[in-house]
Structures are given as C-alpha cells and as structure tokens.
C-alpha cells in the first residue's frame, strides 16, 4: 500500500530539520498575528511525545518554538504586566505606572506565582532548551511591543484539566453505591475540570485556565516541565512503558501592540492589540485493548482516547465531504472536547499542521495503515479564511528614530558638559565666547598711590563692553533674520497646510465615494447572496422533483418493459395457436375438397355411362336387346379417366383446389384406373 504526504522524514532525521520544515512557518505566522495548530498523531509508542519535547541534548519542537519566539522579540518585549489577559479570552494594555504597581504588588506576595527566570535551571531539562542555532524570524515589526503567555491543559477521559493550577490534581473516581458497585458513567463527578466557552469573536477557550506571562525560553520551558509535565497522566501498558493517557495541549499566546507616535510608550487602545496563539498538541496514541490487556481505569482511558480520535476523524471526513461535494453537513465538533476546543482552526481561523508518527513494527501494521489512511485523507481538506490585522496608521520606524534621538541628545549633552535636561542652566553661545577672552586683571588695591590697576581694569571693562555691544547688535541682526526666516517658514507651512488640506479634502471625497461604492456593492452582494440562496433552494426543489420524476419514469419504464414482454409472450402464443388452427383447417379443407372431388367424379362417371348407353342404343340395331350389366360387374370393370374439366370451384376454395388438384387427381386415378 502506498500513501502520499507533503514530507516524509526517515528514522535518522534530526529535530532541527523537522522543526525547520513543520513548525518554523507556524512560529512566523504567530509573530505576524495569525493562529496555528500543530499536533502529533499515531499509535501508542510511535514517538509522539519525543517529537514534541525532545531528549537531552536534542530539544523537540516545543523548546525550539519557544527559543525562536524569544530570539525574535527579545529586545522588543514589554515589561511584565503591561499586557494583562482577561477572563474572556481577551487582552488589555496597562500604562507603565499601572504595570509598575502590579509588579510591586506581586513582589510583595510571600510565594511568587511564576518560577524565577534567573535561578539555576533543573539539569533534568536544561539540555533540552540549549538550542545552538539561534533561529529567529526575519520579519518582526520593531514598532510593536510583545508579551508572551503560556498555559498547559490536558484532556483526560473527555474532561479538561489545568496542569498549571496549584491545587492538587486527583484522578476521576466513580461514586460507589450500597452494593459496592460503581454507578453509571453519567454520575461521575470530575474534580476541578474546566469548561469550554466561546468569546465575542466565536473562538473557543478554556475558562479559568492559568496563563503565565514568561520573559525567556528558560522560564517558559520551566513552567512547561516543572509545573505541567510532572502532573500529566501517564501509565505503564504492555505496549508502552510511559504511555500518555490524555491529550496534552500547550498554548503559547503572543500579545502585541504598537508604540505611540513618539515611539516611546505603548498605544493605549485595545482595538490595536493583536492576540495570536500557537497550540502544540500531543495526542494520546490509539490502541487496541486486546493487545494492551488493559482493564479497569486503563480500559476506560483507552476507550475515551479512541472515542476522541474517532470524533476527530469523523469531523475531518465531514469537512472533506462538504468541500468535495458542496454539501452543508453539520460537523460534530461537540461530540468530543478535543474537536470542540479546536473548532475554530478547522473552520479556517489558522493554519493546521499534523505530524504522523509511525513505528515500523509488524505488530502495529493494521493500526499504522489506519493512521496513514486518515492522515492522507486530511490533506484534501482546505479551509481558509482571511484574518484582518488592525491598522494603527502611525509612521513605521518610530522606535529607531526615538532611540537615535535619545542617543544624539545624550551625546551632545556630554560634549557640552551639562546634565541631561539642564534646561535654562545651559550655557549660551555668548558666555562660551566670553570664556575665550583673556581673564580680567587683578583688582586688589594694596597701595594708595597705585595708578596702574584701575586704568587696566577700566580698559578691560571697556573692551568687554564694546564686545557686548557688538554681540548685542549681531544678536539683534540675527533675531531679525531669524524672524524673517520664521515668517517665510510660516508662510510656506501655511501654504503647504492649505495644499495638504485640499489634498485631504480630495482624499476624503474619494474615500467617501469609495465608501458609498462599497456600501452599494455590499448591498448588491447581500442581494445577490439572497438571490443565490433562493436559487439554491429552488435548485434543491427542482432536484427533488427531478429525482421523483426519474424514479417515476424508471418505474413506468419497468412497467412498460413488463407489458412489452407480456405482449411478446402473448403474440408468440397467438402465433402458435394461429399456426395450429391454420394447419388444422388446411387438413380439413383438403379432406372436404377430396371428398367433393370424389363425389363429382362419381356423378360424371354416371353421366358418361348413361351417355354411352344412350349412344349404344341409338347406334346399334334394335334386333338384339343389350343385356344390362349387373351392378357388381360394373363395379369390377375399371372406369376410364374422365377428361372432362372439373367444375369451377367456389370462390373461397379456388386457390386451395388449384394447389391440391394434382394430389386429388392422383387419388382418383388410384381408385378409378382407366380402362
């Protein structure tokens, strides 16, 4: 059996090659504000968890995705608590002051809610996140600030549990009645399970799920490994020593918001925030209970795992059928929490990638065939829906310009020796010029007869006064020139403003016209959609009528065929009866004709004899009287053949007499031979 896939990786492929082909495009879409879903699918023990998490020294897809995200947005991350997730799958942006107060309030708590990012990593997973290639995205908007949030859930026995929740996680235990037997499944009480809800954008999310803001790859993977992976349910079966008994979902949410026009602070508008997420799903493997020898809780877990995977397959098949045949069947997303959670992805809200893990074991042959058949079929499903990204309308490159301005300002202040933001205490150009003049002579008078100190001081002061007057005149001229330049600049600015206002008015008119045209086209589209809907309904009615008429036509054609076959049988039967009757009547006619001919021959013979006797009487002398022969002697004598013509037959039997005359004559000759 041969199956075709977009990419096939051998047993010796490294994690980096798999990441570059499969997961890297999803991370790039995440940074562009698009959603993504990546899940591993296969039978139990085929390497799904290894593909997702990796091994020491060779990290899997999850740590590599985290490393690429933080390598790309590292210098553009917002401070902690600038982005704040709400309880309705949305995000708010806080000012720097509110974020600072939030950080101080969190720091005052005795136990931190998130693991510290600077403490020493656990050597158990430190090698998994030691990615050396430093992969990063090429196109990252530098005028945005970013915040990363992670959450980790599992779907166990069709119930959703938060693995990052600090409360102790107990397994599902059935209630027991007085007969020491468990009650039905409907009476099971799932402790601390979460529910699914739909937000205002019709996206599904888990209510009350813990979402942790992380600032580095190490911190995010520590949350995944220490807080979540340790709580995930695994068990030992005959096919896998550490078999996953639940579907695990690690969700990475990326919030990004643009900077203001100065490129300094985050824009305080919720409409400009983009929230995208990447879901990394490690599905539990399908298994056959006759091979795993499962019983008790393991048996119930296997049944729920297989049921959820079957629901996933059914949803994909219905989507494929709707796409190929143009039908509009309802997709049964709600039959399983797994498909209900990712309903939006299958409806086109993001890109979906699936990694099929196959174990080349002879015992897994049948299961592997079913897995690959389903995986090949999923490639035929294509659902795409464009996502609109909000436009901020600000000039790109704000962050770089603000950074360059600050660097230039600090450089100039360092050259002039003044502190940053000196304001009116800064030295003017005239003061700098006076500093270049020779210093004043000493003004101390020690002798009453000293006649040199005062004249020197007067001379120096007069020179400084003349210099001040010259500088004042030059300053006045510069002021007048500067005023003239300002007036010219104001006039040019006003003319440019008028020109820009005119252009803006033209653009507004154009935009108004385009909006009017868009409204008209939207109304036309709605009208056409309504007409299309009516035509589709009419076409459906006509197709139903056509099917009914075709069925009626087929039934009538079958009835006509039966009637024709009956008619043919009746015709054959009638022909047989006609042939038999005609043969019978022919024989009867022949018999009657032969009898009639014999009778007429006898009459003719009698007449001939009478004529002969009469002729003999007339011609012979009357001396002797002839002796009349007896009847017996006459009968013994052979009669001569009559040459007289037979009497004309009647009209109905004329043709039959002509056809049978020869045979009739022969019969007569046999009875009456000539003399």
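Each residue, glycine too, has its Cβ placed from N, Cα and C.
Just so you know, TrEMBL annotations never went through curation; they're auto-generated.
Note that this is a predicted model, so its numbers are computed, not measured.
Under the heading ATP binding site, TrEMBL lists 42, 43, 44, 45, 46, 47, 48, 49. The coiled coil feature in TrEMBL is assigned to 504-580. Per TrEMBL, domain 'Kinesin motor' is recorded for 1-381. Under the heading region 'Disordered', TrEMBL lists 617-652.
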Quick one: average pLDDT across the domain 'Kinesin motor' (1-381), no decimals.
82
Write out the long-range same-chain contacts of residue 47 (ATP binding site), meaning residues 6 or more apart in sequence whose Cβ is under 8 Å from its Cβ.
357, 359
Check the binding-site residues 42, 45 for other C-beta atoms within 10 angstroms of each C-beta and report the one with the most.
42
Same chain only, sequence gap of 6 or more: which residues have a CB within under 8 Å of the CB of residue 46 (ATP binding site)?
285, 357, 358, 359, 364
Around the Cβ of residue 49 (ATP binding site), the count of other Cβ atoms that are within 10 Å:
24
Within 10 angstroms of the C-beta of residue 48 (ATP binding site), what count of other C-beta atoms is obtained when all protein chains are considered?
24
